[in-house]
Amino acid sequence: MASLAATSIRLTTTVSKQTSQPLKEQTPESRRAPLSQKQRSGTSPKDGAKWGPKSADPKTSRAGSKKNPTVKIQPIPEALSDSLKSLMRKHRENVELVSKAVLRAYDVAMTDLVDRLFIPSDEPADLIEGNFAPVPEIGDKVRVQVIEGQVPKDFPPGCYVRNGPNPKFGAHQNLNMPLVNGKILYSWFEGEGMLHATYFEKDGSIWYKNKYVETDTFKAEQEKGRWIYLPTMDEQSVPGVLLNRIINLMRQGKMQRNSGNTSIFEHGGRIVAAVEGGEAYEIDLSDLSTKGEYRCNGQWDRRFFGPHPKIFPDTKEMAIYGFDIYKPYYVMGILSNDGQKITHKVDLGLDRLVLMHDIGITQSHIIVYDFPLVMDVYNMMLRGKSMLSAESNSYARIGVIPVGGDQDSIKWFDVDMAFITHHCNSYQEGDEIVVHALVTRLLQIMSVPKGVGKLEWYARGMTLDHQNNFEDKNPSIDGLLYERLHEWRLNLKTGEVVERDVSKRKFPLELPRINENFQGKKYQYCYAASEDINASKAVGYPKYGRLVKVHVSEDERADFHEVGENTFTSEPVFVPRPGSTIEDDGWIVTYVHNEETHQSDMIIVDSQKFDEKPVARIRLPQRVPYGFHGSYIPSK
């Protein structure tokens with residue numbers, strides 16, 4: 001390389017005998033425009049100096065003065081120029097070939113190392129059986145039929161689509177680590193995201209299709225035809241998780257797989273799949289193909305995109321959020337109604353990186369949660385402890401941000417200690433902001449205490465004090481996983497907080513949804529899935545045996561929709577009746593699965609006749625595994 005560069009210089013320059021001056025500086029026209037003060041990142045000219053070339057010395061430019069020696073740039077002979085270009089082109093191609101060969105050799109060496117360090121065990125990974133197990137892509141859309149009832153005539157044409165884990169390259173088997181005499185567990189939560197869509201066409205036909213969310217990490221493993229990313233969510237093996245993150249970073253430049261498996265939403269004509277710890281991706285709803293990363297028209301520069309943005313019903317603007325492992329930990333934004341421009345950003349100014357899975361809005365505020373579930377990468381790297389920890393002796397607070405406000409405008413309200421799973425709704429009533437969310441005293445993603453089996457830990461966590469039949473009581477576990485609907489009334493003038501337990505621990509709740517036309521407005525109903533506690537205890541993960549319609553203004557009042565014996569449901573999604581302004585005038589749609597017949601269906605439930613059987617049941621061509629969040633997207 002050095003000899004080629006020297007040859008190039010010799011061939012292209014001729015210097016006069018009295019050469020003692022440097023090459024002439026470029027003219028202002030040929031020089032790149034100087035950076036603005038903000039763009040210079042701390043570099044600036046000295047006081048009084050000007051950006052650009054120095055002025056000519058008048059002593060050497062007077063008439064009759066002796067000419068200064070200069071460097072004369074001679075044109076390259078055409079033949080010589082062509083041969084040089086050919087030589088340089090060939091050299092560049094050789095460098096590229098060598099670089100690719102080196103990268104291939106490095107990849108082979110790292111793959112061999114990983115295969116020696118990690119050997120798939122005979123033990124299947126957690127939740128890889130039954131309806132947690134993955135299914136293949138079905139291919140083209142398949143026409144499906146209504147097997148009970150009928151789709152209401154005024155049910156709007158559109159698509160019900162739901163996201164969730166469907167392990168393809170990883171999470172099938174746990175991995176033994178013979179060199180350290182240990183093992184590391186895959187988590188179902190790490191499974192690649194799969195979209196399951198049911199299309200209601202204007203001609204009355206109904207179609208089903210499923211497809212993976214093809215993130216960058218999915219494509220990398222697809223190309224190899226095998227798993228590349230090692231598991232990173234086994235809280236029982238913190239050293240193993242740390243090692244895996246380092247190996248993932250060395251091999252692929254990322255610490256973990258971007259599963260894209262959490263949520264799916266529509267805004268500004270774009271369909272977006274998102275996940276907690278990764279980039280969001282835009283989806284083509286017509287065939288579920290992945291278009292590419294979703295960056296809000298190139299304006300979102302955060303590392304991650306929060307999976308639960310909120311759309312203001314009247315303006316169609318969207319409140320977005322994202323975190324990073326470096327400060328600023330959390331940034332909020334407002335995206336224009338067409339999705340083309342971020343009109344406002346604000347740093348929340350948090351001193352800790354909390355797990356804020358969800359946010360809320362009113363018609364003029366954004367609601368954020370600074371609760372004591374903290375992510376600390378350095379705690380794992382330097383101390384060998386879990387990255388996710390609960391600060392039991394810490395604080396919990398809710399922030400209220402005026403839309404368009406800066407960091408100083410945020411009002412923080414200290415509240416009782418708890419953990420937030422999902423936001424339900426929030427609205428302003430006089431001087432008060434009313435917030436509804438699901439809370440628990442412990443999260444399922446937390447590490448299981450040593451000496452306690454996972455099934456026992458989950459069973460005890462879902463067992464309330466008055467139901468406790470265990471010989472010994474353990475206040476650090478018992479009843480702490482039980483989720484309930486909670487209310488905070490935050491007085492903007494006095495700073496006072498009044499809290500209320502809405503569901504009174506009478507029924508566990510998860511995956512709350514509302515009529516989205518009432519997002520940020522006073523409302524009456526929250527729809528959710530409710531766990532079948534006995535079935536959930538048997539596997540150590542939630543199985544939802546019924547749907548719930550909670551009357552939020554009244555304590556303990558709820559209507560229930562039983563989905564059937566040995567049948568379990570997904571998140572309920574509300575579809576409003578076209579043209580109606582009545583909050584519960586519409587339908588609930590969701591997927592259900594019968595574990596005896598191994599059959600999955602989509603059901604449509606009349607929201608005003610919630611406890612009655614579905615108005616329509618649609619038979620699906622293959623099993624739909626349990627999953628997370630969905631949306632109903634009306635046809636345009």
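Glycine is no exception: its Cβ is also placed from the backbone N, Cα and C atoms.
Together with HIS308, HIS357, HIS422, the Fe cation site in TrEMBL holds one more listed residue from HIS598, HIS629, which is HIS629. Report note: the Fe cation site is defined by HIS308, HIS357, HIS422, HIS629, and the residues of the same chain whose CB lies within 8 Å of the CB centroid of those residues, excluding them, are THR262, SER263, PRO307, ASP358, THR421, HIS423.
Taking the Cβ of HIS357 (Fe cation binding site) as reference, residues of its chain lying under 8 Å away and at least six apart in sequence are, in sequence order, GLU276, GLY306, PRO307, HIS308, ILE420, THR421, HIS422.
Listed in sequence order, the residues of the same chain lying 6 or more apart from HIS629 (Fe cation binding site) and placing their CB within less than 8 Å of its CB are ARG162, ASN163, THR262, SER263, ILE264, PRO307, HIS308, LEU511, GLU571.
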